[in-house]
Amino acid sequence: MWWFQQGLSFLPAALVVWSAASFVFSYITAIVLHHVDPLVPYISDTGTIPPERCLFGIMLNVSTFLGMATMYVRYKQVSALSPEKPKILQLNKLGLTLGWMSCFGLCIIANFQKCILYYIHVLGACLTFGVGSIYMLVQTILSYLMQPELHSKDIFWARLAVFLWSCSSILSMFVSSVVLYSGLYGQNLVQKLHWDPQETGYTPHIISTVSEWSLAFSFLSFFLTYIRDFQKISLRAVVSLQGQTLHESPGGFRAEEQALLIAGSI
């Protein structure tokens, strides 16, 4: 049995591979069509002009659903492992809420392009990366509380390292973006897709774009730490049959007609 066939480990693996592919494919398409500069453009710039915009949007929408599924499985796993620990259960519910908010932000990024609806796009980025970072923090704290009985110390330190990587990327991107868009280097820089290395503002632009790519891959790296955990879990759907036909009213069911139909792995 291959590693990705064990449990539900294919979910975080698929999320990471698919999301990385969405960035890379849209980048390659934008470069081939000369829509952006080859040297580290903004990720959002590679999904601004058709046809890469269409590819970028479709693939990130799929990533949204993969992310929601991965976070839900993580939520169910933690709940099953710590059913009598209120503190962990509360953090676990908070983590799921934050995670799904982050996924909603990713959906906004995918469908509202930077050069068209800038402020909505920024809102999506804040939800994805800002709220997403808090989700990473919550999961890191959960890993700390669950070790060494349920989690190895290595997993905790790995998640902590990725979380700190993410925070440093956010800080670097925020500072460089504030400097870049402060008005010192011109107006309407949001619409600018091509930069000359001799231009003023090129240095903060490069720092900002490198930080954005670093931030994106720090998020993907965090989900890689789920793979080993997900190898040890599976979900089952249980369907309860309330009657022997589909045309009876619910009030007419007899108690003896209620039965468990199937319990199949998903």
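The backbone N, Cα and C atoms fix where each Cβ goes, glycine too.
What TrEMBL records for 8-233 is domain 'CWH43-like N-terminal'. Annotation source TrEMBL lists transmembrane segment at 12-35, 55-73, 94-112, 118-145, 157-185, 205-227.
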Can you tell me which of 12-35, 94-112, 118-145, 205-227 gets the most C-beta pairs within less than 8 Å of the transmembrane segment (157-185)?
205-227
Mean pLDDT for the domain 'CWH43-like N-terminal' (8-233), rounded to an integer?
91
